[in-house]
Amino acid sequence: MLDLKYIRANPEKVQEGLSKRNKDVSIAPILELDERRRKLLAEVESLKALQNQKSKEVPKLKKEGKDVTDLMNELKDLSDKIKELDSKVKEVEDEIEKILLTIPNIPHESVPVGKDDTENVEVRRWGEVREPDFEIKPHWEIGVNLGILDFERASKVSGSRFTFYRGLGARLERALINFMLDLHIEKHGYTELFPPFLVARKSMIGTGQLPKFEEDAFKTTDDYFLIPTAEVPVTNYHREEILKEEDLPIKYVAYSACFRAEAGAAGKDTRGLIRQHQFNKVELVKFTKPEDSYDELEKLTADAEDVLKELGLPYRVVLLCSGDLGFSSAKTYDIEVWMPSYGRYVEISSCSNFENYQARRANIRFRRKDGKLDYVHTLNGSGLAVGRTLAAILENFQQKDGTVVVPEVLRKYMGTDVIK
């Protein structure tokens, strides 16, 4: 959530920043409501001062033996009027918060201005793209041929965009999860959390999924939500807390299943593992001091990249332009893995700095050594999306005979060096 005081003090700067997102977002309604709120508050303070003044007259008049009936009636009228105005103030404040929750974050000054993903900027590439001397098969075909992925039975059981992982497919999925967790814990210094997969509405509001994107979420009848990412429970782990400056940055890694309705994804990536209603992901989350957050974003992105380097998968890093930026993010790097059957790079991780946007919504602060309270900056990124990583392994390490070579770092988890 944006800071109302900052909006009030810098309306043109805020509107200019939001306009870079190429979305129709106006802060005019916020400013109008804020002005109304301030006028109401001034009126309340004026009436309270009058009430206080007249209240002091009561004992004085009583001492003089004078009738205070009219004065008491006047005080009652003042009290009723103050209550009425307080109620109006509350209504206006609720409306301000309601609108604030629908306004996205302001892009960081280093984010390139652009309308959509065609104007994202490539930052770097790693690894060599293989050019095999045989016809490349897509991962879903490889998986079915090897008997390790079963889309047909998953469709029978659950509908479209679900998958059964079978035999070495299930083992490969599990190996990837364990490898990613071990790497981030042992090499990168993250603390593991294993979070709930169901969260309350307040948690979804805290990270910015609600109220804007409720149609993309799976909701239960009692107002719980299946998590779209472990970002939600892990960020809310410190909701309504005051952290210690000396404990920052706090770094968590969490495996979870993720659930997405993909309401706006009709016709996109309908085959394979790229766009599923349920998928596994290892998530990285950081809580940092504001002055450190952009350095920490670079480190977090490097940590996610390290997974692909260890696996030997070619990838590139892309800086998202303002028009492609996620709702809550101030700056995002996408990591895209090479997918031979697509003939292009496909997103496998988004690493973002939300600055204090989520922290304000979730009220996560820290106390500086001088005693001052400040909001933390929150960051997160996939480290990585497991199903997409598995798909990339099948495609990049497929052999002419239909087998798939297991990356060396996974062999101790798999107990084999080839899937056949």
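One-based numbering along the chain as shown.
Even glycines carry a Cβ here, placed using N, Cα and C.
Since we're looking at a predicted model, the values are computed, not measured.
With T229, A230, E231, E283 listed by Swiss-Prot as binding L-serine, the candidate from S87, S110, S382 annotated for that site turns out to be S382. Ranking the binding-site residues T229, A230, E231, E283, S382 by Cα distance from R260 (ATP binding site) puts T229 first. Spanning the listed L-serine site, residues T229, A230, E231, E283, S382 have a farthest Cα to Cα distance of 9 Å. The two recorded residues I348 (ATP binding site) and E231 (L-serine binding site) have their Cα atoms spaced 15 Å from each other.
Cα of E347 (ATP binding site) to Cα of S382 (L-serine binding site): a distance of 10 Å. Under a cutoff of 8 A between CB atoms, and with a sequence separation of 6+ in the same chain, the neighbours of A261 (ATP binding site) are E215, D216, A217, F218, H277. Shown are the binding-site residues T229, S349, S350, S382; the one with the most C-beta atoms within 10 angstroms of its own C-beta is S349. A strand conformation is recorded for E283 (L-serine binding site) in the three-state DSSP classification.
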